[in-house]
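In what follows, a single structure is set out as structure tokens and then discussed.
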Amino acid sequence: MAPTPWISFTTDYGLADGFVAACHGVLARLTPTTRVIDVTHLVPPGDVRRGAAVLAQAVPYLPAAVHLAVVDPGVGTARRAIALAAGDGLLVGPDNGLLLDAAAALGGVRAAVELTNRDWLGADVSATFHGRDIFAPVAARLALGAPLADAGPAVEPSTLVRLPVPLVRPEADGFTAEVLTVDHFGNVQLAASGSLLEPLPRSLRVERQPAVRVHTFGDVAPGELLVHVDSTGQVAVAVNGGRAADLLGVTPGDRLRVTAG
């Protein structure tokens with residue numbers, strides 16, 4: 001495979017400790033000319049669905065790259081370490097559903113391998129820091145152009161772990177949908193496609209709260225609840241100048257009913 005000058009890096013490691021720096025150090029030692037794009041390291045700890053959503057929303061706008069992602073509550077267990085080829089990119093991380101939405105956003109999984117080649121890994125693999133000792137070294141070697149097949153044996157894509165399909169239920173006067181993510185601003189992204197808003201009127205209800213269907217935040221007065229199609233094409237609920245998640249009392253995995261008002 002041809003070398004790539006880019007690695008993207010997404011984790012739940014936070015910024016208070018040295019975990020991100022340690023992984024950057026591994027990458028810099030192995031492939032010092034490769035540029036690293038830090039997508040985020042503030043995924044809520046262990047929140048695989050949030051990490052998957054952030055990664056999937058980012059990769060279509062990144063250059064062709066090796067996408068290194070670690071949100072890994074099962075680190076050190078029997079869960080597989082994997083790398084995937086998808087579209088013009090490669091993805092490296094745990095086999096826990098984290099990578100598959102991003103792979104789909106890139107065009108779908110073309111090949112998958114389990115990361116078992118000891119020559120590609122750190123000298124001493126910690127049971128609790130696979131980001132440093134497995135995933136970062138593999139990402140670096142792939143960025144240098146090493147063949148994906150050399151990382152380990154092929155994995156049948158149908159056996160990869162998938163996240164549960166979130167609920168979306170169309171109804172006569174609206175729909176019920178699972179909360180996918182809550183972003184930094186408190187905006188609530190639903191699993192529902194924006195197309196589900198098309199038949200609904202401007203005046204809506206989100207559960208018992210009155211809301212307005214609009215194009216953007218400033219279409220309503222400050223403090224008003226609004227429903228719109230977000231930048232990824234999903235239905236989102238927001239408050240102009242406020243936090244919809246706090247107003248509605250919801251977190252990812254909860255369900256919201258959106259109906260004609």
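One-based numbering along the chain as shown.
Cβ coordinates come from backbone N, Cα and C, glycine included.
Just so it is clear, the model here is predicted, and its values are computed rather than measured.
Long-range neighbours of VAL239 (adenosine binding site) (same chain, six or more residues apart, CB within less than 8 Å of its CB): GLY186, GLY223, GLU224, LEU225, LEU226, LEU247. In the three-state DSSP classification, VAL239 (adenosine binding site) falls within a strand. Residues or ranges marked as adenosine binding site by Swiss-Prot: ASP12, ASP72, ASN187, VAL239.
As annotated by Swiss-Prot, site 'Important for activity' applies to ASP72 (among others), with the evidence given as similarity to another entry. When secondary structure is read from DSSP and collapsed to three states, ASP72 (adenosine binding site) falls in the coil class. Counting only same-chain residues six or more apart in sequence, the Cβ atoms lying under 8 angstroms from the Cβ of ASP72 (adenosine binding site) belong to ARG79, GLY93, PRO94, ASN96, LEU98, HIS130, GLY131.
ARG79 (site 'Important for activity') counts 15 other C-beta atoms within 10 Å of its own C-beta, drawing on all protein chains shown. Per Swiss-Prot, site 'Important for activity' is recorded for ARG79 (among others).
Annotated site 'Important for activity' per Swiss-Prot: HIS130 (among others), in sequence order. HIS130 (site 'Important for activity') falls within a helical segment according to DSSP.
In sequence order, ASP230, ALA236, VAL237, ALA238, ALA244, ALA245 constitute the residues six or more apart from ASN187 (adenosine binding site) in its chain with CB-CB distances below 8 Å. What Swiss-Prot lists as (R)-S-adenosyl-L-methionine binding site is ASN187, SER231, VAL239.
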Calculate the distance in Å between the alpha carbons (Cα) of ASP12 (adenosine binding site) and SER231 ((R)-S-adenosyl-L-methionine binding site), and round it to a whole number.
23
For (R)-S-adenosyl-L-methionine: widest Cα to Cα gap among ASN187, SER231, VAL239 in Å:
16
What count of other C-beta atoms do you get within 10 angstroms of the C-beta of HIS130 (site 'Important for activity'), across all chains shown?
24
Could you tally the C-beta atoms, other than its own, that fall within 10 angstroms of the C-beta of ASP12 (adenosine binding site)?
22
Protein Cβ atoms within 10 Å of SER231 ((R)-S-adenosyl-L-methionine binding site), excluding its own:
9
Determine the C-alpha span of the adenosine site listed in the record, that is the greatest distance between any two of ASP12, ASP72, ASN187, VAL239, in Å to the nearest whole number.
32
